[in-house]
Each structure stands twice: as structure tokens, then as C-alpha cells.
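Working notes, structure below.
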């Protein structure tokens, strides 16, 4: 029995692969190029239980056909993590919306064609972006939970890259639930979505620390490189540690109770002030070199904006998430080691 992880070289996916291998699963991953595939198998020590396939372009509806033609009878679990996540785009529809939706439709059609009898569980890496209404995130009277959906339309979400990304996650997840509804008679798999908020935490491998990191971790990285007089970005939201997101993907297919559920993975709220407080307190090398802001004032973050209620998800998952201090400490220390500052 194998677990297939699409986009296995991604930030979250590498941690998923690590946990799967530690739990002795046989893992097949995909990446966009042979070079990325080889780099990842090497990073995992050429583990005999881990192999890679190349899927160059997930926006093509038959992109995953060859994977399931080759391994379909052996794959019981599919974790679809591959999706575009970048705000530096020129065409929202071409660069974000179509690849995200086609990636989901394509992989599910490939399962239907070549692994309808063998795949039992599918876990989709969605996002809190598919849940909340960006236009109303500052409305204190609102609560978003597992039943909530981003109200964006295909047209309205193309107003800017951030809205387009949020829309891409909504339409990709909707496509998955709709596919299952329409194909109940021809596939046996059950579906679960994992909807993380801002994902912080260390890279799986130190070698993957770069000058610029993936979008969420770059928020921490950029704070660490501000000057004391720089303005602190005004940002708040929910946070989760990447290692907890990875674990949530495993629990999502290991438990029967998670079938048909959307799992919002968020530990608590944060502001950039909270992150700065931790950086200044725990890293002497940063103290005096980055802004101080108003220490402790981040505590007001629970009064900011709409409420995120994920009590149901936390209960279903049944494990304790890491707190912000541990997450930021591990993220920052890895970056500082890479830079030779600690």
C-alpha cells in the first residue's frame, strides 16, 4: 500500500513525507522536474520506501494520468498538496485559478480512470482562504467556521493577486467536493480537506533556507531584516506550525471521523507585534537591530476583526498544536543559523 503526495517538494509536503516515512508508509511523491525529484529523494537519504514521479504541469487535466497508470493499483491514499501559491503573477486566471482547479480535477479524474477501486482516502490541502470573506475580515460581528465559504466569484476574485489566490483555493476545494458528489458510483474514496491559516515553522531541510522564503515564512524572515526605525507591517490572523499541518494531513486519512470534513488548522491569533516580541526576547543577536514596536500590545489581537472558530476541527484532530513562541523560535533560529549569526 502506498501514499501518493502531489507537490512533494513543497514546504508543507516535505514535512508530510517525513512523517509518513517515520510511520513506515511507502510514499510516492511528485515534483515539477526531474532535478527537483532527485533532490528530494536525496534529501530523504534515498529511502527505499520513497520514490518520485515528475508531473511538469498540474494545469493539464491529464497531468497525473501516468502516475496512476503506473502505481494506481498500489495507491490507497492520495494527499493532494500541489497548488500554485505566489502573489507575483501577471494573469490571475492563467497563473492561479486554472492551475489550482485543473490540478484538483485532473488528479481526481486520474484516480477515477486508473485507481477507482484502490484509492480509499483523498486529503486535499485547501486553505483558510477558501473559508473566510476577505472583504469582511475586519467585521467583529462575524464568525467563520468549518461551514463557511469564501463568497468570491470567478470574476470578482481577479481584482488583485491576493484575492485571486483566495479564490483559487475556494474553487479548487469546491471542485473536489463536486467531483465526489457527481462520481459517487464510480469511485470509492472519501474526501477530507485541510484548511490552514498562516503556516510558519522551520523548513524540513536546512539547505532549503534561502534569502527569500515561501510566502508565510517570508513574513517572519522580513521582520528579522527590518531596521529598528522601520514601520511594522500591520497584519493579523491565525497561525499554525507547519509540523502540525503535516500531522493533520495524516490524521485526516487515519481517522474515520474526519471523512467528509473540512479541518481548519489554526492554533490561535497573532499580530506582527507578537512575532516581534518573541524575536526581541529570545534572540540577543536581533535585539537592537529590529523594531521594538509596542511590546505586549499584540494582546489586543483577539479584539481585531472576525472570529475564527475551529473548535470542531481541533476536537476531530485530537492533538495539541504548537504555540507561537515555539514556532517562531524554530523558524528564526534556522534562518539565523543559515546566515551564520548564531
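Placed from the backbone N, Cα and C atoms, the Cβ positions cover glycine too.
Cross-referencing 156, 186, 216 against the NADP(+) binding annotation in Swiss-Prot, which names 7, 8, 9, 10, 11, 12, 32, 36, 57, 58, 165, 169, 199, picks out 216. Per Swiss-Prot, the residue annotated phosphoserine among 6, 222, 333 is 333.
The recorded positions considered are 9, 333; of these, 333 has the fewest other C-beta atoms within 10 angstroms of its C-beta. Neighbour count (other Cβ atoms within 10 Å of the Cβ, all protein chains): 25 for residue 199 (NADP(+) binding site). Residue 7 (NADP(+) binding site) falls within neither a helix nor a strand when secondary structure is assigned with DSSP, and so counts as coil. With respect to residue 333 (phosphoserine), the closest of these binding-site residues in Cα terms is 11, chosen from 7, 11, 32, 57, 165.
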